[in-house]
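Below is one structure, written out as C-alpha cells; comments come after it.
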Amino acid sequence: MEKHDIPMEKLASVELNDDLRDHTSDLPPPATAHHQQQPRPRAKLSAAAIIPVWIVLSSGVIIYNNYIYNTLNFKYPVFLVTWHLTFAAIGTRVLQRTTHLLDGAKDVPVSKDMFFRSILPIGLLFSGSLILSNTAYLYLSVAYIQMLKAFTPVAILLISWVFRLSEPSRKLLLIVLMISSGVALASKGERWFSLIGFVIQAGGVGFEATRLVLIQTLLHGLKMDPLVSLHLYAPVCALINFCVIPFTEGAAPFRVVWGSVVGSYSGAMSDVSSSTVSVVVDTATSVGATSGGAIVAISEEVAQAVAPHITPFLLLTNALLAFLLNIAAVFLVGVGSGLVLTLAGVFKDVLLVTGSVLIWGGQVSLMQAGGYSIALCGLVMFKVSGGK
C-alpha cells in the first residue's frame with residue numbers, strides 16, 4: 001500500500017498515502033459538510049506531535065515496501081498493493097462503525113451516476129498509479145524514485161494547460177523549468193539508471209497527475225479528507241487490481257503466501273524462473289564447475305537465496321502501517337499552515353532519500369543532489385503559490 005510526491009493542495013483528495021502509491025503527496029483540505037448537522041469535533045493534536053509521526057509513518061511505508069520487494073525478493077507489487085487496498089477497505093468500514101473518524105463520509109452522497117462518471121474513472125487512474133509506482137521499486141532506488149516524484153506538479157500543470165483547465169503564467173513556467181531541469185540533472189547523475197524503471201515511474205506520475213486533475217474537474221467542491229477518500233476508492237481499486245493480477249503476476253504470489261502460511265517454501269521455490277536457473281548453470285560452467293553435481297548444488301543454493309520470503313506477520317504489519325499513515329493524515333490536515341506542511345513534506349523527502357542511502361548503501365552523486373535541490377525549490381514555489 002505504497003502512496004509513494006506532493007501535488008497541489010486543491011487537487012488532492014487522497015495525498016498522504018505513500019504506501020498505497022508511493023508517493024508523494026500533498027495535504028488535502030478537510031472534508032466540508034453539505035448538511036446543517038455539525039460533525040463531532042475531532043481530537044486536536046499539535047503540529048509538533050503529529051508531523052513527526054506522519055514523517056515516520058510515511059517514510060516507514062516506503063522503506064518497508066522496498067524491503068519486501070528487494071530484500072525479501074517478494075517481487076509482486078500488484079498483489080501487495082491489492083492487499084493494502086483490501087485491508088484499507090475493511091479497516092475504514094470498521095472505523096466507520098466504531099469511531100467518528102469517518103463521519104465525513106455521510107456528507108458524500110454516492111449515486112449510481114456519480115459512481116460511473118466519477119468514482120470508477122478516478123479509481124482506474126488510481127489503480128494504474130499504484131501499480132506502476134510500486135513496480136518501479138523493482139528497477140530503481142528509493143532515492144531516485146523520490147527525485148522523479150518531484151516531477152508530479154509539472155505533469156499536473158501540463159495536463160491542465162493541454163485541456164485548457166488553467167492558463168500558464170511566467171511564474172508557473174519558471175517553476176516548470178526549475179523542476180524539469182532539476183529532475184533531468186538528477187537522472188543524468190543516477191549511477192544505476194534503468195530505462196524500464198524510468199518509463200514505469202514516469203507512467204505512474206502521469207496516471208497520478210491525471211487522477212488529480214480529474215478529481216478537480218469531476219468532484220469540484222466536494223472535499224474529502226484522506227480517510228473518507230480511501231473509504232470510497234479502496235474497494236473499487238482493490239477489485240480493479242485483483243482483475244489485473246492474473247495478467248501480470250498470475251497465481252505465483254498466492255502460492256508464495258500460501259506456502260508461508262503452511263510453513264513451507266516449496267511453493268516459493270517453484271516460482272523461481274527457469275531463466276534464473278539457466279543463468280546459474282551458465283555461471284557455474286564459466287567458472288569451471290563442469291560436473292553435473294556441482295552445477296545442481298550451486299543452482300539449488302542460489303535458487304533458495306532468490307526465492308521470495310514472506311510471512312503473514314510481515315503482510316499484516318505492512319498493511320497496518322500503510323493504514324495508520326492514512327489515519328495520521330486525517331489529524332495532519334488541520335495542524336498547521338500550508339507552508340508548514342509543505343516544508344514538512346520536503347523534509348520528509350530529503351530524510352527518506354538520506355535514509356535509503358544509509359540503509360541500502362546506495363550513492364547520490366553531487367549532480368543528483370544539486371538537481372534534486374533545484375527541483376525541491378521549484379516544488380516549494382509551486383506549493384506556496386497554490387499552483388497559480
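Placement of Cβ uses the backbone N, Cα and C atoms for every residue, glycine included.
TrEMBL labels come from automatic prediction, so no person has curated them.
These numbers come from a predicted model, not from an experiment.
When TrEMBL is compared with the stretches 76-95, 236-255, the one noted as transmembrane segment is 76-95. Of the Cβ pairs linking the transmembrane segment (170-186) with the transmembrane segment (45-64) and spaced 6 or more residues apart, fewer than 3 are under 8 Å, so the two regions do not touch. Touching of the transmembrane segment (359-382) and the transmembrane segment (143-163) is concluded from the presence of at least three CB pairs under 8 A, sequence neighbours closer than 6 excluded.
Long-range contacts of the transmembrane segment (192-214) within its own chain (CB-CB distance under 8 A, at least 6 residues past either end) are made by residues 7-8, 11-12, 21-23, 121-122, 125-126, 128-129, 131-133, 135-136, 138-141, 144-145, 148-149, 151-152, 155-156, 158-160, 163, 165, 362.
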